[in-house]
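This report refers to the structure that appears directly beneath it.
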Amino acid sequence: MARRDFIKQTAAAAAATVAGVPLTGYTQNIVTESEAAKLKWSKAPCRFCGTGCGVNVAVKDNQVVATHGDFNAEVNKGLNCVKGYFLSKIMYGSDRLTQPLLRMKDGKYAKDGEFAPVSWDQAFDVMAEQFKRVLKDKGPEAVGMFGSGQWTVWEGYAALKLMKAGFRTNNLDPNARHCMASAAVGFMRTFGADEPMGCYDDIENADAFVLWGSNMAEMHPILWTRVTDRRLSAPATKVAVLSTFEHRSYELADLTLTFEPQSDLAILNYIANHIIRTKRVNRDFVDKHTVFREGNADIGYGLRPEHPLQQAARNAGDAGGSKPITFDDFARFVSKYDLEYTAKLSGVPKNRLEELAELYADPKVRVTSFWTMGFNQHTRGVWCNNMVYNIHLLTGKISTPGNSPFSLTGQPSACGTAREVGTFSHRLPADLVVTNPEHRRHAEEIWKLPDGTIPSKVGAHAVLQNRMLKDGKINAYWVMVNNNMQAAANLMNEGLPGYRNPENFIVVSDAYPTVTTLSADLILPAAMWVEKEGAYGNAERRTQFWHQLVDAPGQARSDLWQLVEFSKRFKVEEVWPADLLAKKPEYRGKTLYDVLFANGKVNQFPNTELDAEYANQEAQAFGFYLQKGLFEEYAEFGRGHGHDLAPFDVYHKARGLRWPVVDGKETLWRYREGSDPYVKPGTGFQFYGNPDGKAVIFALPYEPPPEAPDKEYPFWLSTGRVLEHWHSGSMTRRVPELYKAFPEAVCFMHPDDAQALGVRRGVEVEVVSRRGRMRTRVETRGRDKPPRGLVFVPWFDAGQLINKVTLDATDPISFQTDFKKCAVKIVKV
């Protein structure tokens, strides 16, 4: 056996062993027998998290039969986690959706009917009829779409054009609202531009890692292997982990801090105070490159307006507001957060708080901060993001190798599609926003649309969409590549009622039956991953392409095909007002397809430019290289504006490039002279997203959560993920090995709490909140070890819907839901 083959097998076996997954002889040997098996290998990014690992995909007889880590991929260097190891199986569940299904009774669509197979023409006929009815009766604000950070770049871009330019509604939002909205808004508030300034190379250059609400060992395991390698190969390196409960990342940590939920706000301010008090502020950096502002406090919790907490909030109507202050004002503001106060509020021992603060304060220690949902799924998630930037800016530990505040991403293209393309309800591509008239005009110019096409009003975000569906304000709704009925908080009160509202027509495009598809009126079968040509953008700004490698089963079609084909059903005069059409009379009689996708730009690349080795069903269907046309039009937004993308064809050859890509060269560290081509010579650093080129340090307080344990509901509930499953489990639970490794969700609980309740490991209990209840089983010995008074329940299990229980409170600036904190009681069944 060759050394490389041995390494491949060892890496795969290690990944599987983490989850206790058995390896069959066939899957062990298939990567070493490629010649004998006549396999065709091609590159692709992994389908799961936002790490963006490269994989090699083997195809035989129009089926994916094996995958392994791509040794030429800079991100993972040949390694895959256990989910990545079983990628070859995610497309072949026995219940794969292969034809459109419509609720019918007596041969016609009926809201209370049963699902029956229909053709694509029938499906689109009914769907178009319903959308036209709603547009005519109520206008574009009654139409909505909920998309995904799993959309390819061009799928998201096509959806953006169809909704915001075609139907003229900003009621488009991605499921990234649930995971990355606070990170995105945090970047915009501090730097005036979204996405990290650093890259994964920071890992090999850092002297210390601080994890804030991030279980990287399970959620970003390949990056964790790089952190582990750095920690073990450079013994002076330190790892600190902060969380509300103990998890697998604690095993590597030199310093652990288990804190009271919500008190991370106080800890962040304590660190800033410590840096100032011990005179370790990098005054030269701060004076040249930062300004100070105090953010509005008492901003509410994103609940319905009539909720008492919203009524009582002083600044609920201006949650993102702020005013200028000085450095001295900031120093006075954080001085309250001294060691005594912070230790008491957080429950963290004083010596551990001091040790953590010293990692940041010591000018000789290069620090990389990582965070994910613990920060972002937080009613003050934007503040958390702003406050960790405060620490890095005060010390000047930013935009240099090893010094990086780094928001990790949960979905494969939450960055590349949701954020960069701009599929949020307030955004357009390349950090443009719908509220800015110049931004709208720029988009309309690129899209060859009349002035005033794109509406200026911010659309409904994810949580508001559910509320508007329930209230009958959104009536035609399309859901793609997500399982929001399982994923959204308070689902029985705010999710399901809207989907089953008789006034509403709900379309769900997916590859498998889910809780969401079963709540729909029309189900459209979707192609997955390498069944289509695609592009993702990962957490380090790396854009990666792949070819279509196999055909989708049955009548399943890509989301891109669905979006573009559906646009043919609408004449421009059916969806645009007469005054708008009068500005472009040549569009009269044309379809949205003609105006948006056959506009002379998107359709400019002929099919002769396709790689003859690979199929492309969309190009075959529409007669031109659709993906290339969409990408090149989209790239116009960013080129010359700090979001430069390379030419389309380059990405099919490369293992991804980190933008901005200028003159063929990618950018590793943004905002630093010598690394970022947009930084002017002589400035050193330039945070050019803001007009003055300076980053903002925000004074922000600790504020309590909207709900906390009390006598009736004495436990904190936190939800999250586990290594073996991804999000709602609709893919991973159909992989037998992953299902066997972790078949059902459980309620992780401290043994003393279990004893006090009179329950043992494996006993069935109900988790009950003010909103609902669900059944699960107690686990007191597992990998996750909550402190007394807190329970943790993963949300991957469709048979145990923990979001019946959770609270739909959000950060009032980003509108991202806090899935980490609500009050529950545990009742023995």
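Here the Cβ of each residue, glycine as well, is placed from N, Cα and C on the backbone.
What Swiss-Prot says about this one:
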- 1-36: signal peptide (SIGNAL)
- 39-95: domain '4Fe-4S Mo/W bis-MGD-type' (DOMAIN)
- Cys46, Cys49, Cys53, Cys81: [4Fe-4S] cluster binding site (BINDING)
- Lys83, Gln150, Asn175, Cys179, 212-219, 243-247, 262-264, Met373, Gln377, Asn483, 509-510, Lys532, Asp559, 719-728, Asn803, Lys820: Mo-bis(molybdopterin guanine dinucleotide) binding site (BINDING)
- Trp795: substrate binding site (BINDING)
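Here Val722 (Mo-bis(molybdopterin guanine dinucleotide) binding site) is positioned 12 angstrom away from Cys49 ([4Fe-4S] cluster binding site), judged by their C-alpha atoms. Reported as a whole number, the C-alpha separation between Cys81 ([4Fe-4S] cluster binding site) and Met373 (Mo-bis(molybdopterin guanine dinucleotide) binding site) equals 20 Å.
A 10 Å radius around the C-alpha of Lys532 (Mo-bis(molybdopterin guanine dinucleotide) binding site) takes in none of the binding-site residues listed as Cys46, Cys53, Trp795. Taking the Cβ of Cys81 ([4Fe-4S] cluster binding site) as centre and 10 Å as the limit, one finds 30 other Cβ atoms among all the protein chains shown. Within 10 Å of Lys83 (Mo-bis(molybdopterin guanine dinucleotide) binding site), counting CA to CA, the binding-site residues Cys46, Cys53, Trp795 contribute Cys46. Excluding Cys46, Cys49, Cys53, Cys81, which define the [4Fe-4S] cluster site, the same chain contributes Phe48, Thr51, Gly52, Asn76, Asn80, Lys83, Gly84, Pro221, Ile222 within 8 Å (Cβ to the Cβ centroid), listed in sequence order. For Gly213 (Mo-bis(molybdopterin guanine dinucleotide) binding site), the nearest of the binding-site residues Cys46, Cys53, Trp795 in terms of C-alpha separation is Trp795. Spatially close to Cys53 ([4Fe-4S] cluster binding site) yet at least six residues away along the chain are Pro45, Cys46, Gly69, Asp70, Ala73, Val75, Asn76, Leu79, Asn80, Cys81, Gly84, Ile222, judged by Cβ distances under 8 angstroms. The average pLDDT computed over the domain '4Fe-4S Mo/W bis-MGD-type' (39-95) stands at 97. Note: Val722 (Mo-bis(molybdopterin guanine dinucleotide) binding site) has non-local neighbours Glu218, Phe742, Arg783, Pro794, Phe796, i.e. same-chain residues 6+ apart with C-beta under 8 A of its own C-beta. According to DSSP, Glu246 (Mo-bis(molybdopterin guanine dinucleotide) binding site) is assigned to a strand segment. For Met373 (Mo-bis(molybdopterin guanine dinucleotide) binding site), the same-chain residues that are 6 or more apart in sequence and have a Cβ closer than 8 Å to its Cβ are Cys179, Gly213, Ser214, Gly410, Gly720, Phe819, Lys820. In the structure shown, across all protein chains, Lys532 is the one of the binding-site residues Lys83, Lys532, His727 with the greatest number of other Cβ atoms within 10 Å. The CA atom of Trp795 (substrate binding site) is located 18 Å away from the CA atom of Glu246 (Mo-bis(molybdopterin guanine dinucleotide) binding site). According to its DSSP assignment, Cys49 ([4Fe-4S] cluster binding site) is coil.
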